[in-house]
Amino acid sequence: MADINQGSVLPSETSPPALDGLNATDSNGTDAVNATVAKFVATPEGTALAYGSLVFMALLPIFFGALRSVSCGKSKNSSDMPETITGRDAARFPIIASCTLFGLYLFFKIFSQEYINLLLSMYFFVLGILALAHTMSPFMNRIFPANIPIKQYQLLFTQGSGETKEEMVNYEFDTKDMICLVISTVVGVWYILKKHWIANNLFGLAFALNGVELLHLNNISTGCILLGGLFVYDVFWVFGTNVMVTVAKSFEAPIKLVFPQDLLEKGLGASQFAMLGLGDIVIPGNLKKNTRTYFHTSFLAYIFGLGLTIWVMHTFKHAQPALLYLVPACIGFPLVVALLKGELTEMFRYEEVSAEDIAAKEGTTQVEKKDK
């Protein structure tokens with residue numbers, strides 16, 4: 001996932017889109033208002049449908065990504081192992097994100113927007129296909145007909161020869177994986193040619209689900225550091241400068257979920273969109289503890305924070321950084337529950353153990369038994 005996908009929530013009455021947030025734009029991502037065209041005003045029904053759909057879509061990758069992360073953490077396949085974010089990684093993340101964001105800002109100021117977006121489109125085309133294929137794989141395993149033979153394939157690239165021979169790529173896949181890849185490629189071509197909002201959402205949901213599934217926080221303290229840093233990052237780049245909005249106007253990539261506010265009037269050809277950035281899904285979605293109580297608490301906190309963001313946006317008619325409300329909610333709700341249950345110290349001592357660590361401990365235990 002790109003490090004620049006934190007942003008703001010913008011009201012429908014304002015035109016500039018953001019890398020992350022809610023906003024109304026036309027199908028090309030440009031301002032919906034100009035000197036000759038009247039400002040688009042969404043109907044109450046259209047607005048409710050758009051924002052309700054965005055909230056629902058945001059919850060899908062958080063819920064299913066969390067479920068899949070459990071099996072992912074138990075996997076013995078190194079390619080399926082999640083990446084654990086440490087406290088040091090969390091502290092550096094907002095700095096890296098800021099540098100990336102400002103770098104894109106300079107690129108769009110210096111170079112042609114058309115060529116940059118062409119490169120970005122090809123980059124996200126490849127990533128989107130792989131992410132969507134990985135997302136579809138478990139579902140394909142369930143619906144694949146049992147009477148169709150499954151063939152195994154291996155893609156192997158090596159460097160050197162003899163004793164110096166070294167594997168560069170060793171990817172194993174089967175017939176079901178190939179079908180997922182073909183379907184994902186069709187979606188990718190559809191997105192490249194049409195930039196249709198449904199294709200964008202399929203890629204966006206795949207990115208978000210993979211982000212929640214494959215990124216793990218080693219403890220609650222790391223999550224607090226990460227969200228606290230991104231809280232400052234989000235507020236600064238939205239309220240302190242015009243960098244976020246400038247990049248967002250120029251940036252074309254499936255790093256957001258969109259839903260048309262004029263769907264009821266224009267159907268699938270609708271062009272006025274409300275948007276929610278993937279960063280406001282993936283980052284809060286990773287602040288979870290492997291117990292039902294705290295997971296459900298964090299889940300409800302996310303719904304509350306996102307709902308509060310939308311309410312404030314429409315009440316004050318002003319751009320709102322989404323993490324300004326999501327961070328206090330996603331951290332505050334679990335803390336309150338831990339205080340009420342007398343588990344605050346236990347919650348901060350909690351460490352998420354990876355499959356590699358478990359395997360290492362089991363191996364050490366077996367060696368000790370043999371020695372005895």
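Placed from the backbone N, Cα and C atoms, the Cβ positions cover glycine too.
Features of the protein shown, as given by TrEMBL:
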type	residues	note
COMPBIAS	1-15	compositional bias 'Polar residues'
REGION	1-23	region 'Disordered'
TRANSMEM	48-70	transmembrane segment
TRANSMEM	90-108	transmembrane segment
TRANSMEM	114-133	transmembrane segment
TRANSMEM	199-217	transmembrane segment
TRANSMEM	224-248	transmembrane segment
TRANSMEM	268-287	transmembrane segment
TRANSMEM	299-316	transmembrane segment
TRANSMEM	322-340	transmembrane segment
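When Cβ-Cβ distances under 8 Å to the transmembrane segment (48-70) are tallied for each of 90-108, 114-133, 224-248, 299-316, 322-340, the top count falls to 299-316. Among residues of the same chain six or more beyond the transmembrane segment (114-133), those with a C-beta under 8 A of the stretch's C-beta atoms are 107-108, 177, 180-181, 183-185, 187-188, 191-192, 202-203, 206-207, 210, 250-255.
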